[in-house]
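The domain 'Obg' feature in Swiss-Prot is assigned to 2-160; the stated evidence is sequence analysis. Per Swiss-Prot, the feature domain 'OBG-type G' maps to 161-337; the stated evidence is sequence analysis. Residues or ranges marked as GTP binding site by Swiss-Prot on the basis of sequence analysis: 167-174, 192-196, 214-217, 284-287, 318-320. Residues or ranges marked as Mg(2+) binding site by Swiss-Prot: 174, 194. The domain 'OCT' feature in Swiss-Prot is assigned to 360-438; the stated evidence is sequence analysis.
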């Protein structure tokens, strides 16, 4: 079964930077050669990239955790470790990316081959060549690689189509799509046959073409989530022209106008801007009995509606006999020629911000936090402090002393004293425990 998946949650973990190296030159004719430890390589980033061949988020159903590789460690003779390759994740055109931690939309992937960095790889740690000084010409200090970014994301697919087919269930949307595009949607004589959007390309004899999407039937309350409404109303947002199909074969001559108004109400309740889209009213099933009389009643009901600023254009067709179908496609193409393309820059412009995966904003970042465990151990945390800790090579005493100086400079020692920490109290940073000494 070709299941349509249009919303999924994933984890992305960028690679850690490679560790810097502590090394010294050992050459026959170079006495006191000095430090020669190289830097670590950059960790791999996680990048989402538009793949026009994809139509759903189905590939993410069983693969939701993505990890990039770590950078290579620095080497002797001042050689830098290799940087890791970025991990490229293919997504369908029309994918919106939301950060689940902040709730913000961080990217909208609508262009061909568009890329979005969603987790930046850590930079490589510096080797000991960077820490040489007049006072310490042979430092045994090197940095560990910076941790890569971790993010929890929600991907939401809004199908990109030039034309959207809307209407109540079983008005003939799937039949029309199959006739004009060659697509093979599931078609049957009962409601809700279409449970997923179907997409096809219309190719006209004059060389023009456009993408057409068959949206599952809407019902009353769709804008409030009844039926499949909310799930598929989002796909209509990006269509440029709407073909509103109305079934003319009912025994009730006034059913057509009631359903026409109901669909427009659901569109308005979901997003009033949708009613501003160019809309062609398509009277379907004109080959069946009662259809001609019902069409006349439908036109009369519209003419009597004083709330309409403009009478909609009505185009009768029969998808089964192909009556009027080619002319409808020509009319649709003409309307598309006059309708601007979907503007991803302006759509939700106040909500969408291109995510640049930059370093954290130092103004908003808490330098450190101090808490106390039930066993009496003091616990240091905070994004900046933890990042410094992870980049400290604790296997070398000089690196430990440098980290202690960094903590003192950040004000951690004074803050611990203010909290009442005494000599000999245990202090923990992640799994590393040490004694506090005044």
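Note: Cβ is positioned from N, Cα and C throughout, glycine not excepted.
Taking the features listed in Swiss-Prot, we show where each one sits on the structure.
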{"residue": "167", "record": "GTP binding site", "Cβ neighbours (10 Å)": "25"}
{"residue": "170", "record": "GTP binding site", "Cβ neighbours (10 Å)": "20"}
{"residue": "173", "record": "GTP binding site", "Cβ neighbours (10 Å)": "30"}
{"residue": "174", "record": "Mg(2+) binding site", "Cβ neighbours (10 Å)": "23"}
{"residue": "285", "record": "GTP binding site", "Cβ neighbours (10 Å)": "24"}
{"residue": "318", "record": "GTP binding site", "Cβ neighbours (10 Å)": "21"}
